[in-house]
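Here is what Swiss-Prot records for this protein:
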| type | residues | note |
| --- | --- | --- |
| BINDING | 30-37, 57-61, 75-78, 142-145, 174-176 | GTP binding site |
| BINDING | Ser37, Thr59 | Mg(2+) binding site |
| DOMAIN | 22-195 | domain 'EngB-type G' |
Amino acid sequence: MKVISSEIVISAVAPKQYPENGLPEIALAGRSNVGKSSTVNTILKRRKLARVSASPGKTRTINFYIVNNEFHIVDLPGYGYAKVSKGEKETWGKMMETYLSSRKNLYEVILLVDIRHEPTADDKMMYDWIKHYGYGSIVIATKSDKISRGAYQKHFKMIREKLGMSPEDKIIPISSLKREGIDKLWHSIEEIFIANNLPITIEEAEEY
């Protein structure tokens, strides 16, 4: 995928704020501080498009980014941060459920987990939730530069077993720091567009 343009459309807290242009959407979900904002910036080739916060749990909105004026990448609010109140957790849950259950132009929800660590109970709950709505064929393993390539398979096995992934589901290791794995992720997203006969322009990307 050649990213020619990418911009934030809106940071939404309610369905009435969601874009109404009907463009296909690919959403990213993950724990606070798993590296979602860094991943968004890297795949969209914009260093500061998504704000990278030093304080986990800051993302309280659903952020819609338009890519090449053809589709949206959607950054869902992070979860699993201990210092948020019960009320905030309930608000997060309602926001996520509303988006996942009602968005007709949503074609995939990709879960991000930290490749170094065993997925948490919250990760498992999120993955089951994503699967319930018919998504979850791709999991991104972030911060892949933090372990050796020789350890990948061991960590993939750990992630698959903890999440209960199907054999056909993919794990894509990504390093935002070294910009590794981006082409593979875009290729998998392109496959989703093609499988659904979506009119997305697919061009070979320049090196990330």
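Including glycine, each Cβ sits where the backbone N, Cα and C put it.
A map of Swiss-Prot features onto the structure.
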{"residue": "Gly30", "record": "GTP binding site", "Cβ within 10 Å": "26"}
{"residue": "Asn33", "record": "GTP binding site", "Cβ within 10 Å": "20"}
{"residue": "Lys36", "record": "GTP binding site", "Cβ within 10 Å": "26"}
{"residue": "Ser37", "record": "Mg(2+) binding site", "Cβ within 10 Å": "22"}
{"residue": "Thr61", "record": "GTP binding site", "Cβ within 10 Å": "16"}
{"residue": "Pro77", "record": "GTP binding site", "Cβ within 10 Å": "23"}
{"residue": "Lys143", "record": "GTP binding site", "Cβ within 10 Å": "21"}
{"residue": "Ile174", "record": "GTP binding site", "Cβ within 10 Å": "25"}
Q | Ser37 (Mg(2+) binding site) and Lys143 (GTP binding site), Cα-Cα, nearest whole angstrom | A | 12
Q.
Can you tell me the CA-to-CA distance separating Ile174 (GTP binding site) and Ser37 (Mg(2+) binding site), as a whole number of Å?
A. 13
Q: Kindly state the mean pLDDT of the domain 'EngB-type G' (22-195) in the predicted structure.
A: 90
Q.
Roughly how many Å lie between the Cα atoms of Thr61 (GTP binding site) and Ser37 (Mg(2+) binding site), rounded to a whole value?
A. 13
